[in-house]
Amino acid sequence: MTTVRQRRAGKGTEATEDQPSEEKNVKPDGKILSDHTGGKLWNILSISVGGIVALSLGLLTSVYVATLHENDLWFSNIKEVEREISFRTECGLYYSYYKQMIQAASIQQGLHGLVYDNKTESVRTINILERMNVYQEVLLSILYRILPIQQYLEPVYFYIYTLFGLQAVYVIALYVTSWLLSGTWLSGLLAACWYITNRTDTTRVEFTIPLRENWALPFFAVQIAAITYLLRTHLQPVQERLTLTAVFIATFLFSLTWQFNQFMMLIQALALFILDCFDMLPTAKVTWLYIIQISALLLVCVLQFFNSMILGSLLISFNASVLIARTIQKNLKKGGLLNRLGKLILHVLLVLCLTLLINKFIKRSLNLESDEHIFKFLKAKFGFGATRDFDANLYLCEEAFGLLPLNTFSRLSDTLLFYVYVFVLFLMTVAAVIVAFQNLSGSNQVQFMEKMEECTVTLKPDAAYNLIHTVLFGCLALSTMRMKYLWTSHMCVFASFGLCSTEVWKLILKCIHLYTSQRTHVIKYSVLIITLLYISYKFWPGIMDELSELREFYDPDTVELMNWIKSSTPNTAVFAGSMQLLAGVKLCTGRTLTNHPHYEDKNLRERTKQIYQIYAKRSPEDVYRILRSFGTDYVILEDSICYERRHSRGCRLRDLLDIANGHIMDGLGENEPDLKPSLYPRFCEEIKKNLPSYTIHFTRVFQNKTFHVYKLAKHK
């Protein structure tokens, strides 16, 4: 009987896989058992080595960015106020809530201070947990208070080390995704190496530590890895449930830590929708992913005290529309090519109309206007009419929200990443088009097996998802430079997968009639090793030089300003000024602000525009009245804004204010015909002349090379 079972198993791999119970009865000296045991041991060894390499690379990346941060600022040696000033713009605002929770008398009082905050926006009490994604700061502050680490680690180090530690999670997630796609951990090694050597374009964590994306992107990478595993075929029910749980947790954490989560997940939902329409993903799994996205976002909505911006998100409307439309059109994936195309066009139109109707209904019902500035910005950016809207122009004039610079591709090409990426993207796109056509036409793949076998193998569901993911996020990055970090990190994964994929090399070699299994493996590993050697040879010396380069934080004017505010103004004083500077004022001094950089609120946007009249052509009476309406005691004027040269004419802050106010801009150049000269000079310039019309309302109390602080008179 044993001999018979050996012969049955020897006929093909299917017999061996389908009858594991029979393999147990094979004699120890049987060839099948020997091969099976050897293969199993080799898999265990490979997974163990791959796992160790992943952990090592993750930890090395964390140490690398932490060292760069220390070397750039000499963070361990500078004063506390200098450390806090180094958290620029909105980074300082977010970190201030961590500091506030640490300094509170108790956790309960700290939470109460966030829920009933009256220092972030003067003459208003707002709920910080509702308005901003700061649960990570809350959790971290609680951990710092309850863990026995206060004697060994300062609060600021606990904070930044956590962020640098998340970089390890990020790199490991990218590594695992590439490994899952290609089947070899060497692919993950290459992805991690590309991520590190292209650090300028893959992350900015070392100089914008508290930024929301630095919290969120590691969880997004984990979610992509989990989705990649979920889309594998032949998963056991237990494996599928565990993976769905992992997807949900990662999606929830990503949504909780970044206010732009809904827009990123909308792009992800579009990728799933496209693939589902072309029958390239299992419908049941796609449905679960839609439900997970909605559930995670609604849970975040509850935690953020029913934040209206989340309820009115396009993601919820879109996912609900897809599920409704699918219920209406039950026979969407049946019929011939023309029949399927007709149904598909109707399905897309139905989903689009339902999305707009549901979203419009929700926004009107709840009177939502929190994200209108984003749509104004997008409308103006893509040429659907010029705008004089101050908020939209503020985004349009920022380099971060412009098109991706061409020199980005030059840097990515230096590491060979961009060349490999384009090559793999081309092959995969061709395969995707052919497979999509076959799926729509209902053709029998057996008829084209010789030509199409490679495409069907290459374009497995997990690879198909990552293909559409990289295309859509690539389009986002090309249109908006700030979003490039979502694309470039995945570019490392996608390119390394293609370079190390047996299916890709099999396809290439079959096209030129040179395919053999042995030749495929030789070429695959040879190209991989050569690429790794090239990267090591070219970039290792540069990394070592970078790690040995020492700098020091130096901003004496801002330090002097913060020290003066702390020593010379009351704790209850209210300060007005630029959004970026006021975030630092709150962090370093704890004083009350009139406005701040977290721009996702209509009332705050209008308030900021009013405060910024200090840089416009307005009368001293108007400016004084505006500032006092927000309870302002002191106003800080910055020469870098008043005499700005960083932007060209038409994009300077003073120009945006002039246009919004209907005034002609300063300097040589054209103006729109309906703009008129202002009756008043520019406030930030004229106030320095100490004219009676200004000194009656404003008294200069502090001045250095960069800042001028004026105290407002309190008239009866």
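Note that Cβ sites are derived from N, Cα and C of the backbone, with glycine treated the same way.
Keep in mind that TrEMBL annotations are predicted by a computer and have not been checked by a curator.
Note on TrEMBL: of 142-164, 487-509, the range annotated with the feature transmembrane segment is 487-509. Within the set 242-258, 293-309, the record from TrEMBL flags 242-258 under the feature transmembrane segment. Among the recorded stretches 217-235, 264-281, 312-329, the one sharing the largest number of Cβ pairs closer than 8 Å with the transmembrane segment (179-197) is 217-235. 264-281 is the stretch from 41-66, 217-235, 264-281, 312-329 with the greatest number of Cβ pairs below 8 Å to the transmembrane segment (416-442).
The highest tally of CB pairs under 8 A with the transmembrane segment (264-281), across 217-235, 312-329, 463-481, 487-509, is held by 463-481. Between the transmembrane segment (463-481) and the transmembrane segment (217-235), three or more CB pairs separated by 6 or more residues in sequence fall under 8 Å, so the two stretches touch. With a cut-off of 8 Å between Cβ atoms, the residues of this chain six or more beyond the transmembrane segment (217-235) that come close are 166-167, 169-170, 173-174, 176-177, 180-181, 203, 243-244, 246-247, 250-251, 253-254, 257, 264, 281-282, 285, 289, 460-462, 464-466, 469, 485-486, 489-490.
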